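Chemist: The structure under discussion is supplied below as structure tokens; questions concerning it will follow.
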Amino acid sequence: MNRKSNTNAIQSNNHNTKTNVIINSSSLNSSMPKVDGYQLNHLIGKGSYGHVFRAEKKISHEIVAIKCIPLKSLSKNSHDNIINEISILKQLKHDFIVQMLDFQWDKAFVYMIFEFCPGGELASIIRLKRSFPEEIVQHFLQQLASAMKYLRDNNVAHLDLKPQNILITGIHFVQLLNGLNSFKVWRQVILKIADFGFSQHLTNDESVDSLRGSPLYMAPEIFKRQKYDARVDLWSIGIILYECLFGRTPLHGMSMSEIAQAYQRNKVHIEFPKNKLSELCYDLLNGLLRIDPEMRISFGNFFSHPFIDLEHMPMVDSFKKAKNIIAKAIDFETKSEYKSAFYNFREALLYLMPLYRWGLPTQPISVKKQEQLRKMIVENMEKAEKLQQKCGIVNIDTKLLQEIQSIYNHIDRARDFASKNLYSESLDKFELAFDKSLKIIKENDSKIRNEFFGEINEWMTEAETVKAKYLAEQQQQTSSKEIAKEEKIFVAQEAIELYHNDTKSSTTDSKPDWYLKLKEPEKSNLSGHSKLLIHKKVDDRKLDKTNDDNDNDNVVDN
């Protein structure tokens, strides 16, 4: 259960900042394995399945990491996991997933050859740094979200996401240590998801029930031995996000059995130090860490969440997209369609600014290119400001923009819950959106109010529809409960009448248990409410019989 990542490129000391980058290979009982075409240098990591070596390809001198797995020590399950991992990794190729370059085997070992990640594990950096600024965490999360979207598009669920299985490249571990507080260093960091030993092919509709993962990052539904699906990865991402922001996991210090008991008893409450987070970051974290998977944020809403903003993540085609949008903006401007021109210039800036700030994840941007980007940003900002004044468009500051994005996110969640027939949760989200909208309307000028009123009316109509469905559902549930109560009483009544004659002469002590539960419920283990119901029904039957006898007497008299 505490399986350690086998693809870790750097193994760091947990507590000492003087990190041991190389593990002494003299501890190995035998000489290094021989891998065809590669020269193994030294041991850099150990795992439950084997050892990881830094190696060099003999012809190209490319540096790689090779996981050497001894076949004789493998159980049937371990053997199946390795075959599964290889088959999945052969299909995957993504900037933020550790790539398996090749694999070999002989009589003694299976060799998995990976790209070398010189920055080590994210877990090591969290231990040293303790927590990260929200801006850095957002940058990390964009990379993980991009990888997760690729995995979902290929119907792959990782099922063991944790900082130990997220490796760092783009920068060497020693450089990271020397620049822990330098933004220039952090902008070079590239995260890559590793260790697919527990992964599975799962579509959005498929579920499994096997116990797998690492306790501190494992979703509640796995602990509860319920069927689960790919959404367990969203929970794990939420825990990783929490740990990056606050320096510890929410259930830090608890053993696996303690965590399992807490989930089984529904006694897990995760607290978020909200004052340290932006509204958007809090909203995402709260959506990810929902114990009920049906209430957890969906993959679609996760990928489109404004805190992640995958659309404007710096990528190779970001510059091209920005240039195309600028061309549209200029075209609108020449046609005197100034409002459309303004919004297009602003959209172009949303692509250019992250590109300038963070650069590209896979290749460095030259100084000349950076200066070109800076000039483009300044030029287009000036154009946007002039058009804004010309159109009389209200200037919306960053904080207000985040609040508006948060409202749209609440509406998306409300619609998502409604589509799953979770009407109560949907209404809660609509209510949050309305509260925030009314606050914005009260605190801002008429132009913003006018823009919001139209949308609020549409949302109100949606909310009314959801409310009607919720009330109908409640009415149906109440009706079903009443019917169930009547059925229970009827069964009790019939049982009493059926066996009444046989038990007239019996003493209480000789009466069977079924009879005590029905005729004399105070001597049984029934709940107080059930006892009262049965007593009431028995009393009603006695009263009815008395009335019937009286009626019969009246008939005779007449």
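Cβ coordinates come from backbone N, Cα and C, glycine included.
Take a look at what TrEMBL says about it:
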- Lys72: ATP binding site (BINDING)
- 537-548: compositional bias 'Basic and acidic residues' (COMPBIAS)
- 549-558: compositional bias 'Acidic residues' (COMPBIAS)
- 38-308: domain 'Protein kinase' (DOMAIN)
- 537-558: region 'Disordered' (REGION)
Chemist: If I take every residue in the domain 'Protein kinase' (38-308) and average their pLDDT values, what number comes out?
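Modeler: Averaged over the domain 'Protein kinase' (38-308), the predicted model reaches a pLDDT of 89.
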Chemist: Over all shown protein chains, what is the count of other CB atoms within 10 A of the CB belonging to the residue listed as 'ATP binding site'?
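Modeler: The answer is 7 other Cβ atoms.
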Chemist: Using DSSP reduced to three states, classify Lys72 (ATP binding site) as helix, strand or coil.
Modeler: helix
